[in-house]
Each structure stands twice: as structure tokens, then as C-alpha cells.
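A short write-up of the structure that comes next.
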Amino acid sequence: MTQHDTIFSKPLPSISDFCFDQQVVEVFPDMINRSVPGYSSILQTLPQIVSRYVQPNSHLYDLGCSLGAATLAIRKGCEQTENCKIIGIDNSQPMIERAQLHLDGFKSQIPVELHCQDLAETEIKNASVVVLNFTLQFISQDKRDEVIQNIFNGMNKGGALLVAEKVRHPDESMNDLLIELHHNFKRANGYSELEISQKRAAIENVMKVDTLQAHQQRFQKAGFQHSSVWFQCFNFAAMLAVK
């Protein structure tokens, strides 16, 4: 059973950089649903998009798979396609171990492999669908072009890249507004001012967000022919790029 997120509910003498450790694993489903507007809508829509782009005899990747919620959505989207394999990657061993338990609870004929490794070092091959669900924002900005290029190089023609991210608006006044609307969303979901401020302090050094334009330029630079935002709520957006 998912535990309630209280990690930042009490004053901390010092705030360490946020990391996906065992403490976060225990509360992650509650944390992400109360923190990311539209998260459930993105997961619910993933199978529909995956089903349009999955190819027989191909691989589907969930890069930064955390507890496997998107992995399950990907699997649902390829149920009618022959000989597919899903590969989930995460650099947090506690996340991978819990994801395996989660996936084992939902049996399927579609094989899923989970690997604990750095996605920047993951070989992508024979891919029809690759998902980065709130993952790229935690990768060093100087490595993001290389990550997307690596995905493109290992993707089959007609394949799809699905990227969901927190984004920054280029207009500072609009960006401030979207941040405040996001904080209101968290307040409405029970987070206190202390929790919001301490979480922000913990995450500001490890999560660097790009503008939508930067993402689209990165897709184009890698070689993707088409890209579009397919969902946005406040400063959280989901994008699709097609090879």
C-alpha cells in the first residue's frame, strides 16, 4: 500500500539534494500524483498513443521507469502487437526492485526487462516507442542532446518518442504565474507551505527545466521529422516526436 508523502513536512536542519532513495520509493505514487498536475491523464493516454506507433518484433523503452507506472501503460498499448519486448531503465536500485514487484503483480505475455543503469549509457536498438516520463529534467543539460540523439539513432522509421517534462515559459511573468498555479495545485492536494519550500530547495539543484522550444529544437536537431505537444497543464507538458 502506498504511504502518504511526509518527507518534507517537518523543518529540516539542512536540506540535501533530492534523490530517488528508499524513502522516496515508499511514498512515490502519492508524491507524484499530488505534485504533478495531469500525471494520471498522461498515464491514461499513453496506451492509446503507444498502440499507434508500436511495431511488431520491436523493442519499447521506458527510460527512467521509476516504479513502472508508465511501463504498465506501455504494455497495455502493445497487447495486440506480436513479438514485442519492453525494457525499463532506472538508475535507482530501490526503484527497480519495487518496480519488479509491481510488474509481477500484473501478469502479461509481453516480456518486460528491468535494468538498473544510467540511461545515458543505455544502448537503444530496434525501438518503435521510447518513453521519457519526467526523466530528462534530471539529466545534466549538457548531456540531453546526446541522449535524444542516441534514442533517434536506435529507433525504427515511424517510431515515436514520448517525453513528459516540467517546462519553463520564456516569458518570466508567465513563468512565475505557472509556478504559482502549480504551487496552488500542491496546496489543494494537502501540501503545506513548509513542504513546498523545502521540496523546492531540495530539487532545485538536481532538476533543471527547459522551455518547450528547447525541447522541440532538440528533437529537430536529432532528426525527428515531426513533433508536437499533446498535453499540458500549467508548467507540465507531454510531447510526441516521430521519426
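Using the three backbone atoms N, Cα and C, a Cβ is placed for every residue, glycine included.
Under the heading S-adenosyl-L-methionine binding site, Swiss-Prot lists Y39, G64, C65, S66, D90, N91, D118, L119, N133, R200. Applying an 8 A CB threshold to same-chain residues 6+ apart, the list for Y39 (S-adenosyl-L-methionine binding site) reads I32, N33, F236.
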Residues Y39, G64, C65, S66, D90, N91, D118, L119, N133, R200 binding S-adenosyl-L-methionine per the record - widest CA separation, whole Å: 25
